Amino acid sequence: MENVSTPAVFNLSDLSVEMNSSSRQWSYSEYSEAVAVLLGILMALLVMCIVFGNVLVITAIVRFQRLQTVTNMFITSLACADLVMGLLVVPFGACYILLNTWHFGSFLCEFWTAADVLCVTASIETLCVIALDRYLAITSPLRYPSLLTKRKACVVVVTVWGVAALISFLPIHMKWWVSDEPEALSCLEDAHCCDFNTNAAYAVASSVVSFYIPLAVMAFVYGRVFQEARKQLEKIRGSEGRFHAQMIDNNQGQDGGDGSGGGGGNGKRPKFCLKEHKALKTLGIIMGTFTLCWLPFFVLNVVVTIWKVDNIKMPFRILNWIGYANSAFNPLIYCRSPEFRYAFQEILCLRGAAFPTNGYIYRGHSLRLSPKDKPGSLSNNVGTVELGSLSSVTNINGYCNNPPLASIV
């Protein structure tokens, strides 16, 4: 970067940069040895959890056909963003903190910073897409399979990553973020400094575009999804009540217990419908966890541009790493899904070849009736059963016709 200052200022600036660079090069840690070791262990564990968990999620979706649904394509995109965070962003960030200096050059510094912004932006945009996907599934259940096919989902995923890359890499490569503060300019000239000292305009604009606008869209759409889900649940309960009352009236003049069989079938209907609402809760946990992890950082990122606050480096660092930790949480949340749990167990060889559940045996890519079930005992009521599948839903006697809300049930 060219310096347009006067010669005297130029010399002082060069001297300052040289001294700062020398001090950074030889000052390997700002923490004591014990604290540095503890931080290193914690950061290494976080990296391993992020990488292991998200590789497990991606492997499960790729390997098991029943997990290869439209919404799970978006889940794969989210896992890829978390995986990049664990492989690239977090390890370099850990080295920078522990060594208190940057050893990887200016190009990797910019690339690392842009990758950080890329992963966060791609994650929240993907969560927005998932919310829109669920809104279409619950409001237009019959048209949903044609509205969002796997091919269209691929286009959406590529678009999300393209927009995220444009938002992250272009401004950083063009140096639109550089602050005119002396400390920021000094760091920019120092090959051993990789602090992201942004100007106020970039800090506000990037926070709004990369976080606040997608967050508002996600919250609004997901609120509408919950409203629609509540309406459907009320309709289902009303239908169940009328059906139960009709069965009682029909059985009053009959001898024997013919109505008991109907009651048993009636008791099964809400389970499939409640399963969809459990899927909504799971998606809500994913979105809520992401918001709780990253919202404090982005609030502080905007606040410090309005009010100058001293000694803000440590709070920034803590909140930033809370955001990083979010990448390790999603695989744990997916364990709410029976199919994901079974897939994880099979990948990790934690169970036998067959795992019976609810009268079904889950073998690789197929679900089969277990021997204890009578032939045809479920075939009369159940069309195609996909535990937690996104692409279709079991329909029992006309109830709960909309497609399931997520495979992460």
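Heads up, the Cβ atoms here are built off N, Cα and C, so glycines get one too.
Swiss-Prot assigns T69 and R351 to the same side of the membrane. Using a 10 Å Cα-Cα cut-off from C109 (disulfide bond), the recorded positions that qualify among C187, C193, C349 are C193. The average pLDDT computed for the topological domain 'Extracellular' (178-199) is 87. Cα-Cα distance from C193 (disulfide bond) to C349 (S-palmitoyl cysteine): 45 Å (rounded to the nearest whole number). Across 110-132, 154-177, 283-306, 319-337, stretch 110-132 shows the highest tally of CB pairs under 8 A with the transmembrane segment (200-223).
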